[in-house]
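Feature annotations, reproduced from Swiss-Prot:
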- 2-242: domain 'ABC transporter' (DOMAIN)
- G39, T40, S41, G42, A43, G44, K45, S46: ATP binding site (BINDING)
Amino acid sequence: MIEIEKVCVDFTAGRGTPTRAVDNVSLHIAAGEIFGIVGTSGAGKSTLLRTLNALTRPSQGRVNVNGVEISALDGKALRQARQRIGMIFQHFNLMHTRTVAQNVAFSLKAAGWERSKIAPRVAEILTLVGLADKANRFPVQLSGGQKQRVGIARAIANHPDVLLCDEPTSALDLETSATILALLRQINAQLGITIVLITHEMNVIKSICDRVAVMSGGKVVESGEVFDVFAHPQHAFTQQLVSHTLNLTLPERLREHLPGQLLKILFIGDSAEQPVLSEVAIKFGVAVNILHGKIEYIGERALGILVVQLTAPHNPTAVAAAVEHIRQRTAQVEVIRG
């Protein structure tokens, strides 16, 4: 569906040395999936996203969308290709002197729709995004979440195959963000639109995306199924993002002064619902103290992470046996200290 092949993007200021914003990126995005690109500010993710509709041209490499090399198009051919690619933005980009309905209708007029078909399509799409009762309101009368819904309505009005989302929730509060992500999931499921979403928040990736690419310094440092990236992050930068998202850092006081062994245990799938720690307490006679932990559900799969303290002052070998038992029953055990 979308093929990004060895894409580089360089920017030059005056006569200075070019700055490479995107560095040799290759990605394949399947039709109908929700694909996330995550990274910190300056990672190159927005620049990469803009190559998908040729708002930014690659300095090297190529971008194919629906079998067409969009990076090689211009003029009428490019305008026609862009009609199949919708885009929403962090700050909405609405026309403030036009009503909600007029904002949506504008994209249809620009695409050459027959006048008689515009009003019914506007009504249909506003119903889909939950704004049927706001058609005659102006943007200044809307909340941030409602403004983003207008942006989404405008972006999908032309029946696009692809929807590009540039930090769609970063200007919204947590509750409103969740409703916007739910709407995007609904649109993906109901209309089959391929969604490519960029964000700096792993929580957004976790809640909506099927697969993810992690960017740092203009490069894709890791990619894969969202669950796998959370469960087994390979690159140090990804590990940092996941750790920050799961928030499992122990205070230094606990790390240094608690007796016994400290373990970080990863539970995946069914093991997250099994009484593994109760088993080791009973079988090996060790004291188990849960210091930190949570269970996340990514899609329908459970991912549990616990930080625990194991002690057995009168039987030191019992702790080693308990650790080995935990290793056999769980996905991963990291000895933090001990």
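From the backbone N, Cα and C atoms, a Cβ is placed for every residue, glycine too.
For S41 (ATP binding site), the number of other Cβ atoms no farther than 10 Å from its own Cβ, over all displayed protein chains, is 7. Same-chain neighbours of the ATP site beyond G39, T40, S41, G42, A43, G44, K45, S46, judged by a C-beta within 8 angstroms of the site's C-beta center, are, in sequence order, H200, M215, S216. DSSP classifies K45 (ATP binding site) as helix under the three-state reduction.
Its Cβ taken as reference, G42 (ATP binding site) is surrounded by 13 other Cβ atoms within 10 Å in the chains shown.
Taking a C-beta cut-off of under 8 Å and a sequence gap of six or more, K45 (ATP binding site) has these contacts in its own chain: I37, V38, G39, I198, M215. It is T40, among the binding-site residues T40, S46, whose Cβ has the fewest other Cβ atoms within 10 Å in the structure shown. A simple way to gauge crowding: the CB of G39 (ATP binding site) has 24 other CB atoms within 10 angstroms, across all the protein chains here.
All protein chains considered, the CB of G44 (ATP binding site) has 24 other CB atoms within 10 Å. Spatially close to A43 (ATP binding site) yet at least six residues away along the chain are M215, S216, G217, G218, judged by Cβ distances under 8 angstroms.
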